[in-house]
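Student: One structure, pasted below without further comment.
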Amino acid sequence: MIGTGYVGLVSGTCFADFGHVVTCIDKDTTKIDALNNGKIPIYEPGLQELVAKNVDEERLFFTTDSSDAIRTADAIFIAVGTPTRRGDGHADLSYVYAAAEEIAGLLEGFTVIITKSTVPVGTGDEVEAIIQKTNPDADFAVVSNPEFLREGAAINDFKRPDRVVVGTEDDKAVEVMQELYRPLYLNETPIIVTKRRTSELIKYAANAFLAVKITFINEIADLCENVGANVQEVSRGIGLDNRIGSKFLHAGPGYGGSCFPKDTLALSKIAADAGSDLKIVDSVIEVNTARKKKMADKVVDFLGGDVNGKTIALLGLAFKPNTDDMRDAPSIDIVEKLQSCGAKIRAYDPASMEEAGKMMSDVLFCDGPYHAIENADVVVICTEWDQFRALDLERVKSLLKAPKVVDLRNIYKPDYMLSRGFEYTSVGRSY
Ligand code: UGA
């Protein structure tokens, strides 16, 4: 497994737990040293224990030196980063190509090389060409095998996936992939074998479709506010239709994270390069970007149109619960905009404050939700961590200057909050 980022580490560990012998390779010595000392560089529930178990049982290894592991491998996963390239929105493939070059010279016997990183359509062809050019004698096949892991639920998503997608036309490679995922046959997980390019596109299309769903319900939420409807009931009312499905219909402050923003942008570029219009995806990007800032306006409006000199308590900073990931988190835009309007921010997040500290300035990071709320003019719930779902509301009221709550994740019921003496607003629910 080349790359011990989020995807590499979770996938490598889960493959080891399936019974395979896995070596995770990374150039970052500090990371590998930490992993060899049992320290996990990312926050993912259950991962620490699973790594420890598989290291103990001698199926999982970490190293900076790829040579032995590559030579003896039947399958090599490329799980390095594909960040948005600065300036043009394309995925930056330099790490993928560097990995391909590096492994090419070391291959021995038939080896399957798998792109796990999210890569634009045609990247597999390029990886194949690089390996062929660097080592014309190599016996190999390049396969696309996208991941569909959600941060915070990644282990379960890996072990109990809705489907596995394998993109290759090489029969020997299909056999190796089937062997790798054999434990999933027991659960009768569908394994879909497609052409490589189709598999590469499935990944982008899946993420873009989910982003469309979220953005659609967010716009419907705005409409609900204007026409006196309730978006949660609309979601339920449409989600029970099996053709629509109830998931990813929670209105909120807009999607963030390391995947949807990056992948929608990359898909839009892939389409433009191929001469195809993806107007829906382009609109989703535009609407979602604007939405994050609009959430700050919601807070300003709630406080009567002026937040200058006001103190705002922000609960939750990460782009979603159960992660410390701050990439493209709505909280970043919200804080920036509120600060530019003269507000002071006190914030608390159970996992992401260290990361947030690198991205935000002049924010007072607090010791807990009640500390953040102390003497604030309003509480803004930005991420739906479980611990914010059952706050001691009497305590919240006594700590605030005035009992005001903006709930951007709809985790409280409007009637209940009103009955408890709060001035309360949320997303897409008018009363
Ligand atoms: C996403 C996909 O769900 C995974 O299948 C995929 O493998 C991954 O990207 C990836 O490409 O690596 P992730 O970014 O971890 O996973 O997070 P999600 O749970 O999908 O949430 C993304 C964002 O959408 C969050 O900001 C979340 O708050 C928001 N969201 C999600 C909503 O606002 N409403 C919803 O109903 C669902």
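Quick reminder: no glycine exception, Cβ is built from N, Cα and C everywhere.
Since we're looking at a predicted model, the values are computed, not measured.
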Student: Among Thr115, Thr118, Thr189, which residue shares the NAD(+) site with Asp26, Lys31, Thr82, Glu151, Lys262, Arg327 according to TrEMBL?
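Tutor: Looking through Thr115, Thr118, Thr189, the residue TrEMBL assigns to the NAD(+) site is Thr118.
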Student: Which residue of Lys294, Lys298, Lys310, Lys320 does TrEMBL report at the same substrate site as Phe148, Leu149, Arg150, Glu151, Lys203, Phe248, Leu249, His250, Ala251, Gly252, Gly256?
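Tutor: Looking through Lys294, Lys298, Lys310, Lys320, the residue TrEMBL assigns to the substrate site is Lys320.
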Student: By the DSSP assignment reduced to helix, strand and coil, which category contains Lys203 (substrate binding site)?
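Tutor: In three-state terms, Lys203 (substrate binding site) counts as helix.
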Student: Out of Arg150, Lys203, which has the highest number of nearby Cβ atoms, where nearby means within 10 Å of its Cβ, if these are the binding-site residues?
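Tutor: Max Cβ neighbours within 10 Å, all protein chains included: Lys203.
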Student: Looking only at the domain 'UDP-glucose/GDP-mannose dehydrogenase C-terminal' (313-414), how are its residues distributed among DSSP helix, strand and coil?
Tutor: 34 helix, 19 strand, 49 coil
Student: Among the binding-site residues listed here (Asp26, Lys31, Arg327), which has the Cα closest to the Cα of Arg150 (substrate binding site)?
Tutor: Arg327
